[in-house]
Structures are given as C-alpha cells and as structure tokens.
Amino acid sequence: MKIDYYEALGVTRTADDKTLKAAFRKLAMQYHPDRNPDDPEAERKFKEIGEAYETLKDPQKRAAYDRFGHAAFENGGMGGGFGNGFGGAGGFADIFEDIFGEMMGGGRRRSNGGRERGADLRYNMEVTLEEAYAGKTAQIRVPTSITCDECSGSGAKPGSQPTTCTMCSGSGRVRAAQGFFSVERTCPGCNGRGQIIKDPCEKCHGQGRVTQERSLSVNIPAGIEDGTRIRLAGEGEAGLRGGPAGDLYIFLSVKPHEFFQRDGADLYCKVPISMTTAALGGQFEVSTLDGTQTRVKVPEGTQNGKQFRLKGKGMPVLRQSVTGDLYIQIDIETPQNLSKRQRELLEEFEKLSSQENSPKSAGFFSRMKEFFEGIGE
C-alpha cells in the first residue's frame, strides 16, 4: 500500500511551504541513516519522507497529487507529464542539503577552496565589585593562533603553491552512494581542504597559522554582572587558508565583596551599632562604591534589623542611565565583658524599665504567662 504523503510528513492537506519544510527537517533528522546505522526501518521511513516532501514542495506536483493521488505519477498518468520526481539519489541529496544548509549558516555548504573560519576562543576574567561599579579597561594576554607570516596563511612553502585536489575538484566534498540515495562527505584525499600541499611551510608545518600570545585591550563597561559576556569580533583564532578569524569571548565574573552583597542593581550590607546608640539615637558613616562617605542618622528606639535605604547608591545598570539603591540593615550589638559599674548601671536600668520601654517583650511574656495559666486551670 502506497503511503499518503501528508501523513508521512505529519501535516494537514492545507499545510503551507514553511510547515512542510519544518516537518521534513524534523523527520529527516530523526530518521537519517547516519543517526540510525543498520536500521532498515529508519532507512525506509527516510525514503518515504523524502519522496513525500519532494512531491509536495513542488506546486505543480502537489496539485496533481491532491487531485489524482499516486495515479498522477504512474506510467501514463497525467499523459506522462509527471514522474515521481524523486530523481534517484542525487535529487534527494540536493533537497536534503538545501534544507539543512540553512541550519549551518544558510545555503549549501562548500569548502570554498578549503578556506575555514577560525575557532572562537573563550577567556575568563574576574573583576572586583568596585571595578564592576566603575568599569575599567583591562589588558589581557591571550595565546591564540595567528596567520603564518612565512607563507601568508597558505600552508605552502614560500615559492610553491597548493594544488587543487583531483578527488573532489577543489570542493572539499565527495558524493558517496548510500543505499537509495547519495550523501556528501568530507573528501578523504584533502580532508576537506580542497587543496593538496606537496611542499609544506617549515614554520607552520602546512597549517597556515602559528601559535602566539597576543596582548589585547578590553573595555569593561560599568554595571557588568556575573556571566556578562563581551565579544571581540575577529580576535579569535586565525582562519585556515585565507578564511576569516573567529571571535574572542570574554566571560566575566565578579568577586564576592567583604561588605556588600549584590542583588541586580541593588546593594545590601549590615552595619553593627551599639545598644545605647539604638536606644538613644545617633549616627554613623558608611563608605559607598562611588568613593564617598555617607552619613546615616539613627533615630531613637531603632530596633534590630531596621533597614535604611540610600537611593542611587547601588550599582549602575549596564548601558543604562539607571542606578540601584543601597540598603543598610541595622545589627544591634549586645555588650560583652561588662565592667562592674556597667553591670550595675544596666541592672538599675532594668529596674527602672517599664512596659512602655519594651512593649513587645512585655506584651509577649504577659501573653505567654496567661496562656500557660489557662492550661493549668
């Protein structure tokens, strides 16, 4: 029984070209023979979806199929004007290559004379919170591959030239039959370069590039956070045989700070004050990341955990004219190692204290006493 092309792709009869292509791409990736070696069922499914897509992607063939079904492509069907159009191995390989070429940067992949883009590089950098606040220009040294100046990147000994690979005619790819269709693979004669180097450059050993440490200047903007990535285009490894260089990615991390904790653009810190300052009121100074000293007033009767907000004293937001706030939490320090006189004064203070001085604690113990007395009754 012949397959229904729409069912093979898992689409409706009203599916547009975009839906057809997406369905084919998904199924082709699933059933591709390279992913399912020695699996006849996967090969059969792969052939079915290829046949279905090749028919439905063509408006004329699709119209004929919608009207006459498979009879449109049988001998004599439609006056012999249509075939199944599968075109053997080469036709399907072209379809597959066209679609999946888009996933690899658009269009069909060709070695373009063996040129290869250089690899991207990663560099990890740690900065202080102060540097993240103000921004900085950092000098880094990066070991990387650069174009060989002896052979200008050709890989061939000066005075000689690479020759075109006869196996792939310079494309770097060869077509190989695999069952009912053919696929392109890297040329084994030149390893995908498209060229053969008979006399390699002695400095780079035919690679077209050498390893060297480079010094680069990196601008770190104010407001960066953990994981911020900076891209330096063209500062990665040199390309091969005239190919473009890769990029360098700087991954930034911010060191933990001794006093401040960060949450987005806001900063948090704890400031210890004495019990008497909390009770009588007072003030203290706090150093902020902009280098200034900010005076904070403590009102009488300040409780432990009280939070003060200093607007605009937090972190700048990356590439925006916005700054977060600084939140200061009060940490009341209980006195230790009391002298005899200090103890006497505190004991006297305790005797003079009333419920009005400590309403929360007085109310709590009163409620607790009433609770347990009620249980005993």
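Even glycines carry a Cβ here, placed using N, Cα and C.
From a predicted model like this one, the values you see are computed outputs, not experimental measurements.
Here's what Swiss-Prot has on this protein:
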BINDING   CYS148, CYS151, CYS201, CYS204  Zn(2+) 1 binding site
BINDING   CYS165, CYS168, CYS187, CYS190  Zn(2+) 2 binding site
DOMAIN    4-69  domain 'J'
REPEAT    148-155  repeat 'CXXCXGXG motif'
REPEAT    165-172  repeat 'CXXCXGXG motif'
REPEAT    187-194  repeat 'CXXCXGXG motif'
REPEAT    201-208  repeat 'CXXCXGXG motif'
ZN_FING   135-213  zinc finger
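Feature annotations (Swiss-Prot) mapped to structure.
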residue : record                : CB count, 10 Å
CYS148  : Zn(2+) 1 binding site : 20
CYS151  : Zn(2+) 1 binding site : 26
CYS165  : Zn(2+) 2 binding site : 23
CYS168  : Zn(2+) 2 binding site : 24
CYS187  : Zn(2+) 2 binding site : 21
CYS190  : Zn(2+) 2 binding site : 24
CYS201  : Zn(2+) 1 binding site : 22
CYS204  : Zn(2+) 1 binding site : 22
>> Quick check: do the repeat 'CXXCXGXG motif' (201-208) and the repeat 'CXXCXGXG motif' (148-155) share at least 3 Cβ pairs under 8 Å, counting only pairs 6+ apart in sequence?
In response: yes
> Across the domain 'J' (4-69), what is the average pLDDT of the model, as a whole number?
Replying inline: 87
>> For the Zn(2+) 1 site (CYS148, CYS151, CYS201, CYS204), what does the 8 A shell look like? I mean other same-chain residues with CB within 8 A of the CB centroid.
In response: ASP149, GLU150, SER152, GLY153, SER154, GLY155, ALA156, PRO200, GLU202, LYS203, HIS205, GLY206, GLN207, GLY208, ARG209, VAL210
